[in-house]
């Protein structure tokens with residue numbers, strides 16, 4: 001499963017949010033999307049999964065315009081974990097996860113025994129075994145996030161789009177979730193807040209700033225002191241983590257340089 | 001029970017059984033009580049004779065009694081049931097559409113729209129090309145206009161907040177009630193203006209007949225079957241339109257189904273009962289606390305619960321100040337309005 005975005009522009013209320021975005025995610029890649037708050041990451045992702053309507057001829061899945069997919073076909077190809085939204089009505093955790101199977105079903109087809117098994121497996125992977133009959137709304141933010149991830153896995157799509165999947169999560173779950181995603185035989189495109197996490201897991205990183213893509217490449221190529229200084233406005237020390245073999249970023253607040261204590 | 005959703009199968013069956021028993025009890029009481037007292041035994045015999053079409057039991061009662069039971073009380077009780085069932089189902093649909101538990105045909109002003117449409121048909125002779133169905137057609141057309149108006153006022157950038165929803169409902173409701181009053185008082189030449197206005201504002205089931213009941217039941221059953229087919233889609237829709245789309249639900253198609261179904265249902269129900277408020281608000285909320293939000297169980301329970309609620313309010317409306325009758329909408333409001341306040345208090349208005 002591959003994704004191409006060609007010359008995507010997007011405006012909200014006359015204000016340009018995305019300008020001439022071009023990118024490609026190849027089959028089997030794990031691609032991260034990074035950039036400071038408000039740079040347009042979520043807007044770009046929403047254009048890809050069609051919550052916002054991209055222009056014709058801008059977003060392609062396997063070289064087919066996403067606008068030509070029915071919602072059901074699209075959900076079969078692409079699973080989405082958006083940032084948590086407020087829900088007014090309560091469901092059991094199991095129902096919440098089972099909704100991931102919707103796109104695989106024909107009209108009026110019920111849940112099979114395999115679906116139930118898969119549901120158990122997905123909940124186990126996110127560490128929520130035994131939560132099947134818990135109320136979704138009673139869960140903590142991190143638990144909800146993991147339920148939604150289980151639902152994404154339940155979709156069994158070849159392409160997964162995530163918007164900050166490790167928000168709200170304890171540090172151990174951040175790594176566990178990334179491991180789960182990395183372990184699936186799927187293509188992943190995810191916005192990521194934590195740059196060290198991005199360095200550790202991504203094959204490629206897309207760097208956004210003020211609605212434009214400003215850099216693209218491997219973590220080593222993109223996560224540089226110069227980029228961090230220019231776009232995140234923070235000094236950093238970047239070393240190689242001897243245990244992981246990946247970059248390790250240490251942030252250096254301004255007072256270190258000036259010699260004044262905080 | 002905190003932390004667990006109450007939606008087990010056992011819980012569903014117990015609730016179902018309980019509601020069915022209550023329906024049977026209220027049905028019996030409603031048919032028995034009235035200006036003419038008839039024993040439950042005689043009523044059973046009349047029923048068996050009528051349904052079988054033969055005189056299985058020897059007729060030991062006056063012909064007038066039989067007429068009251070069969071042609072007045074039975075149609076009225078059954079009408080109460082189907083009206084309540086329809087309004088509760090409309091509530092469920094409006095709530096899935098707006099993702100807001102405060103939505104129902106009365107709160108959104110759709111009932112007022114339907115009642116204005118019905119009055120147009122009666123007093124202005126609109127829709128007379130529909131023959132005997134002109135009132136029901138007028139009510140449905142009124143419902144269609146008001147639902148479009150109300151929803152378009154309520155949504156800002158495609159989202160509907162509780163505050164917007166309630167305000168849009170008040171405005172729509174006020175507008176259509178004013179129309180109804182204008183027509184009743186301005187155009188109506190009959191002497192029973194006040195009575196007629198009251199009927200279309202606060203509802204009554206006193207005009208129920210077998211022939212009216214027949215078409216309401218037919219429409220009701222068709223809509224219920226269609227909606228039940230989409231139970232899974234309705235569940236997913238509760239998660240929000242964006243999420244539902246990424247999970248594969250065609251939300252535009254679903255919204256169309258919901259709007260058409262609830263317009264027809266509200267129109268038909270209002271054309272036979274006038275405006276009865278809050279049923280669609282109270283009943284689905286109570287039923288959710290028993291059987292959860294899943295529509296496969298919620299829809300049948302809302303239908304039965306709505307029927308029970310209206311049968312009960314109708315029974316109260318015609319017994320509490322007997323021999324005169326209190327409009328059923330007044331009784332429903334005594335239950336519903338405090339409940340509405342409670343739902344608002346619970347914090348729905350504050351959020352977002």
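Each Cβ is built from the backbone N, Cα and C atoms, and glycine gets one as well.
Caution: TrEMBL annotation is automatic and unverified by curators.
Sequence-distant contacts of the transmembrane segment (B:12-36) (same chain, six or more residues past either end, CB-CB distance under 8 Å): 43, 64-65, 68-69, 73-74, 76-77, 80-81, 287, 290-291, 297, 300-301, 304-305, 307-308, 311-312, 314-315, 318-319, 322-323. Summarising the annotation, TrEMBL assigns transmembrane segment to B:12-36 (among others).
What TrEMBL lists as transmembrane segment is B:77-94 (among others).
Sequence annotations record features per position, and here TrEMBL assigns transmembrane segment to B:106-127 (among others).
If you look up TrEMBL, you'll see B:133-153 (among others) marked as transmembrane segment.
Here TrEMBL flags B:165-187 (among others) as transmembrane segment. Only residues 6 or more beyond the boundaries of the transmembrane segment (B:165-187), in the same chain, are considered here, and those with a CB under 8 A from a CB of the stretch are 98, 100, 102-103, 106-113, 115-116, 119-120, 123-124, 142, 146, 149-151, 153-154, 193, 196-197, 200-201, 344, 349.
Sequence annotations record features per position, and here TrEMBL assigns transmembrane segment to B:215-231 (among others).
Here TrEMBL flags B:256-286 (among others) as transmembrane segment. Remote same-chain residues near the transmembrane segment (B:256-286) are listed as 79, 82-84, 86-97, 101-107, 110-112, 114-115, 117-118, 135-144, 147, 151, 199-205, 207-208, 212, 215-216, 219-220, 223, 226-227, 230, 234, 298, 302, 305-306, 309-310, 313, 327-329, 332-333, 335-337, 339-340, 343 (criterion: CB distance under 8 Å, separation of at least six residues from the stretch ends).
The transmembrane segment feature in TrEMBL is assigned to B:298-320 (among others).
The transmembrane segment feature in TrEMBL is assigned to B:326-344 (among others).
Long-range neighbours of the transmembrane segment (B:215-231) within the same chain, counting only residues 6 or more positions beyond its ends whose Cβ lies under 8 Å from a Cβ of the stretch, are 79, 82-83, 85-86, 89, 93, 133, 136, 254, 257, 261, 264-265, 268-269, 272, 294-296, 299, 303. Counting only same-chain residues 6+ beyond the ends of the transmembrane segment (B:298-320), those with a CB under 8 A from a CB of the stretch are 12, 15-16, 19-20, 22-23, 26-27, 29-30, 33-34, 76-77, 80-89, 91-92, 205-206, 224, 227-228, 231, 276, 279-280, 282-284, 286-288, 290-292, 326-328, 330-332, 335.
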